[in-house]
Amino acid sequence: MATLEAEALRKSFGGIEAVRGVSFAVQPGEMLALIGPNGAGKSTCFNMLNGQLRPDAGRVRLAGRDITGLAPRQVWRLGVGRTFQVTATFGSMTVLENVQMALLSHHRRLGGLWTPVRRMDRAPAEALLARLGMAEQAGRPCGILAYGDLKRVELAVALANDPRLLLMDEPTAGMAPPERAALMALTASLARERNIAVLFTEHDMDVVFSHASRVLVLDRGTLIAEGAPAEVRANPRVRQVYLGSGAMQGGY
Amino acid sequence: METLVLQALSGLASASSLFLVASGLTVIFGVSRIVNFAHGSFYMLGAYLAWTLVTSLPRGHLGFWGGVIGAALGVGLVGLVVEVLLLRRIYRAPELFQLLATFGVVLIVQDLALLAWGAQDLLGPRAPGLRGSTGILGMRFPDYELFLIVVGPVVLGLLLLLFHRTRWGTLVRAATADREMAAALGVNQRLLFTSVFVLGSLLAGLGGALQVPRESVNLHMDLSIIVQAFVVVVVGGLGSLTGAALAALLIGELHAFGILVLPKITLVLVFLVMAVVLVLRPHGLLGRPQDRAQPATGGAEPVIGPAPRPLLRLGAAALLAAVVLPPFAGDYALSVLTEIAILILFAASLHLIMGPGGMASFGHAAYFGMGAYGAALAAKWLAAPMELGLAVAPLAAGLFGLVFGWFCVRLSGVYSAMLTLAFAQITWSVAFQWVELTGGDNGILGVWPAAWATPKLVYYYLTLTLCIGATLLLRRVIHAPFGYALRAQRDSALRAEAIGIDAFRTRWLAFALAAVMAGLAGGLFAYAKGSVFPTFLDIPRSVDALLMVLLGGVQTLSGPIIGAIAYTGLQEQLVRLTDLWRLLLGGVIVALVLFFPQGLAGAARARWETRHGDA
Ligand SMILES: Nc1ncnc2c1ncn2[C@@H]1O[C@H](COP(=O)(O)OP(=O)(O)OP(=O)(O)O)[C@@H](O)[C@H]1O
Ligand SMILES: [Mg+2]
């Protein structure tokens, strides 16, 4: 069964139809890229998938269960982790504490009034950070971190939920090209290892074409192409949408 | 029927006066996002200045109206000085600091007015040409009131013209709608902010000056008007001129008819209306959602960790002194120490919602007072012993905290703070006006500790144990997952929800917990004093709590403790040293805001960190 199914999602803001009937599915262990020019509606799709926004029409199903209209925190409880295009972390906490919070929430221990956080879920949080190459940064406050590192913290936070679905909105923004490739390779191997379904958006076409198992192309709220990276890259309509942006040149 | 018409007319007159003051407040807020506590002081200054001018200028039209206009201009000048010397430096500071600074100005103006005009009420002459009254439906209605009814709409009209027909007005509206954009357009912000502040102050001064023929001029005018003006501005929607006019009308008429229909609950009525409006329309009648220009308490909040060793040692030493020395202290010192212990808990409880919670409360005294009254009522009506009373206190406060908090934590920023104020004023009014139950102004006497706890020293130790224990418990909570969740929703509501934190529930429970702790402090206070009075839950007490927390520093856990000690100590010393303690305290507050924007503990911490690398 598909981990995530989106069915005919629609969303308008005032007069703008940001998403106009988008359907797709993500399979366990798959890296699905959702690409498209600025303003295509990618983030809006993400927001509908994790409950940040309620779709005007359409359904979202997680492992067959209808989750349309659930609040983000309820969607998290069902095993979804997400990163944001503009990173959102707890600035007054260290990197380690950010991850600990996600772990504590996952283990439903956030109501605790007595035991200090510093003694809870520390080892698994450190292990997770080590896996993402962030061990050195563990003690630094998130408020002063570089943008690329914040993206990594968000990934660690999302992974702390032991997710079956990972939603990553531009996970490599703010990183140098070699770092991007490394991070996506790591994500892909984690996805395979833990059978996580990954949906991500990305503007760097190198990253997309070398790490996605499948690609969806969104333009002005409508899906215009879907398929294996090579197919999509050859698609004339996709090339037309991206023409002039220079973004498609990367793979040649 | 005739009475109703007259009542409606007198409602209009009050609405007009209220609007004059509120319009200035709302315009200032719209542009600079400053919640100006000192606005009421400007109103009072306007009244005093007008009194002086009108009584010293030659009698007649010129003397009177010249005096009124002169007073308004004079207050505008005072506004200019305050803006240039103080506010201009803190526009980028957190909301609460601005509030603290303007409160410092309130204190300073109070003492300056006392120095200049003395403590007695001053009666001004009536307005020439408007001394008589006019027959309306066979009843007499004062001409001056009719004149006031006209003034409000005229000022509204002039302001609307100013804002819609001049370039300056367009800039003001642009800045109100979107501060950043106005800045990007290259508007000279300094000049704009200064001119708006002067205009607002001038309006407050005019409002005060026009009261001279109506009521006596006294030193309580500032706080009584500022609370009403806040209500009007919040009900109307922050920054909305028309909203303020509508709200002034609503509140003015409500007052007029409230007195007629339900004289017992007039005080409650106004705040009840504000609460209802805010619950139904979280941004007031005509307000729009605020862009959160600044967080309530400051930019990136620092990480909290276990207390550094020297701080622990210092704390232990202080505690040791607090345990060992009192047997050698006199009764007076023991009372002061008992009070300090109580205030530490009171401040620490407010700190929980202000610091980690990121919410502001202008009405925390409600829970302190509720604890005190809970204990006192139990003692009076149920003959409950002290032990039971001390259990009732936190429970009663916590219960109200749950109910009030459910509404307050839904709103954000100033609106939320104002709703806490509204609830506090409602409880105050009940304590004040429900004489049969609470004894009203006379309070409840004879709330004595149990026999074993009667000696001052024993009661001090009891208080110390409970207060320090509860404060340490709060500290523990802040380090525990619940406290982290509280900070998480403050840091990023988006991220908190995305990892499964119920931000509303977390804030709500924190609010209730703070209320419980404030209630315990209040209960202990009741037995320490042997009586309770409505002042236990009035605005000055809420402000005390705010000052203690801000003085110590919102962002450090030791802040409320240091703040409580510093504030009580300072006040105690200043009161003993000089009659002008408000002037000095206000000066100290203003200086602190300008030079130690992170509070005392925050400044000490910054020092420590630069000296020892970032720990
Ligand atoms: N909260 C909102 N209110 C109004 N309009 C919005 C809102 N969110 C998105 N939009 C509009 O919807 C459209 C799609 O935006 P969205 O953020 O989904 O695009 P995107 O594909 O993620 O773009 P980018 O690559 O720049 O991140 C845009 O026209 C945007 O202006
Ligand atoms: Mg986007």
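Just so you know, the numbers here start at 1 and follow the chain as drawn.
For all residues, glycine too, the Cβ spot is worked out from N, Cα and C.
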Could you check which of B:311-331, B:458-478 is flagged in TrEMBL as transmembrane segment?
B:458-478
Does the transmembrane segment (B:41-58) make contact with the transmembrane segment (B:225-250) through 3 or more Cβ pairs under 8 Å, each pair 6 or more apart in sequence?
yes
Pairs of Cβ atoms less than 8 Å apart decide it: which stretch in B:257-280, B:332-353, B:458-478, B:580-600 has the most with the transmembrane segment (B:414-435)?
B:257-280
What residues in the same chain, six or more past the boundaries of the transmembrane segment (B:146-163), come closer than 8 Å to it by Cβ-Cβ distance?
9, 12-13, 15-17, 19-20, 23, 27, 127, 130, 134, 169-170, 172-173, 203, 206, 210, 214, 241-242, 245, 248
Restricting to CB pairs under 8 Å, which listed stretch, B:225-250, B:257-280, B:508-527, is in contact most with the transmembrane segment (B:332-353)?
B:508-527
Same-chain residues at least 6 beyond the ends of the transmembrane segment (B:257-280) whose Cβ lies under 8 Å from its Cβ atoms:
3-4, 7-8, 11, 228, 231, 234-235, 250-251, 407, 410-411, 415, 418-419, 421-423, 425-426, 428-430, 432-434
Are the transmembrane segment (B:6-29) and the transmembrane segment (B:225-250) near each other by the rule of at least 3 C-beta pairs under 8 angstroms (pairs 6 or more apart)?
yes
Would you kindly list the residues that approach the transmembrane segment (B:508-527) from elsewhere in its chain, counting only those six or more residues past its ends and only Cβ-Cβ distances under 8 Å?
338-339, 342-343, 345-346, 348-350, 352-353, 356-357, 359, 364, 367-376, 386, 389-390, 392-398, 400-402, 404-406, 408-409, 447-449, 453, 459, 462-463, 466-467, 470, 474, 477, 482, 486, 536
